[in-house]
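Visitor: Sharing a structure below in structure tokens format, with a few things to ask.
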Amino acid sequence: MSTTAVTSPIDEVKTTPWAGGRSPFSVEYGKMMMWFFLLSDAFTFSSLLIAYGALRFSATAWPAADHIFQSVPLTSIEHGAPLVFVGIMTFILIMSSVTMVLGVEAGHRGARKEVAWWMIATVIGGFMFLGCQALEWSHLFHEGFGWGKMPKEIGEFFPDGTKPSAVYTQQFANLFFTITGFHGFHVFTGVIINIIILVNVLLGTYDRRGTYGMVEKVGLYWHFVDLVWVFVFTFFYLV
Amino acid sequence: MSEIKHTEIHEEHAEHDTMTRKKIWNVFFVLLGITAIEFFIALYLVPKNIVPIHVANPIYIVLTLAKAFYIVAYFMHLKFEKIGMVYSILVPTLFIIGLILVLTNESHHWVDLR
């Protein structure tokens with residue numbers, strides 16, 4: 001981008017990114033399309049979350065997250081540990097995002113073995129998250145929650161001083177399973193894609209191709225899944 | 001003209017200025033720290049009535065957006081892309097703000113229908 005050879009203002013115009021002759025984005029096709037796919041996916045997720053927000057805003061009372069999520073599956077803790085389990089899930093997903101980006105970094109150096117190990121770690125993190133979500137869902141199913149289903153006794157889920165409402169409890173259950181289910185489906189597909197990429201890394205496909213760009217593209221997808229979880233976590237468990 | 005040249009020089013610099021392992025772990029600790037603060041508010045400050053819930057909620061949202069920035073900018077590498085690429089991803093997300101405004105406004109009318 002040296003401007004020393006510029007002799008007139010007209011020449012200077014030709015060096016701008018939009019002057020033609022080269023890509024103003026300077027990313028490869030697949031990476032740009034992954035970004036635009038993620039943008040459309042962001043619209044889908046925000047539509048779901050905003051619909052949840054609108055229903056919650058118009059409700060007179062809403063079940064409190066720290067009253068519903070009190071147990072830690074696989075332990076004897078059934079009550080009195082609000083949000084502990086979701087904290088573990090959040091940590092697992094952030095951690096797997098880190099292993100993914102470390103894999104991408106190793107890919108830039110063309111270190112095949114390192115990429116493979118970081119991809120394995122990412123896949124394990126994805127399975128751990130899915131396992132945690134399965135445990136949490138089955139726990140809620142046993143309590144009586146589900147699409148179109150809720151426990152008979154709902155008084156304990158509402159904050160003190162508000163009137164328990166069956167309608168809002170049902171709305172909460174439907175929205176919770178729909179949105180975390182849609183996110184979990186993304187995690188599941190992400191794990192499948194990561195495994196495919198891992199196999200290709202082990203087969204040396206990207207060494208032959210001379211670039212580890214594919215690792216970067218699935219990395220974008222995986223980070224997006226983490227990004228969505230950050231929002232789901234805030235709006236379902238904290239607010 | 002000089003502005004364009006300036007951003008170009010900045011971008012050229014930024015392309016070499018990519019993620020190192022040290023930076024990745026720094027971002028990880030930032031994300032972990034923000035999450036820890038959120039848990040501290042949710043599990044200690046709010047139940048003890050030190051911070052009322054209507055103050056805590058905006059704090060959660062700001063902290064969430066901060067985490068989103070770190071994930072998108074550093075993990076997804078968007079901060080190091082060309083400015084045209086950055087804008088073509090970020091500007092369309094303004095539609096999301098539009099939907100938030102429309103539906104929160106609408107929800108106030110639903111209250112009257114309940």
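Numbering starts at 1 and runs along the chain as it is shown here.
Glycine is no exception: its Cβ is also placed from the backbone N, Cα and C atoms.
Remember, predicted model here, so these are calculated numbers, not experimental data.
Straight from TrEMBL, here's the annotation block:
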DOMAIN    A:1-239  domain 'Heme-copper oxidase subunit III family profile'
TRANSMEM  A:32-55  transmembrane segment
TRANSMEM  A:83-104  transmembrane segment
TRANSMEM  A:116-137  transmembrane segment
TRANSMEM  A:185-206  transmembrane segment
TRANSMEM  A:218-238  transmembrane segment
Visitor: Report the listed stretch (A:32-55, A:116-137, A:185-206, A:218-238) having the maximum count of Cβ pairs within less than 8 Å of the transmembrane segment (A:83-104).
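Guide: Stretch with maximum Cβ contacts: A:116-137.
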Visitor: Considering only the recorded stretches A:116-137, A:185-206, A:218-238, state which has the highest number of Cβ pairs under 8 Å to the transmembrane segment (A:32-55).
Guide: A:218-238
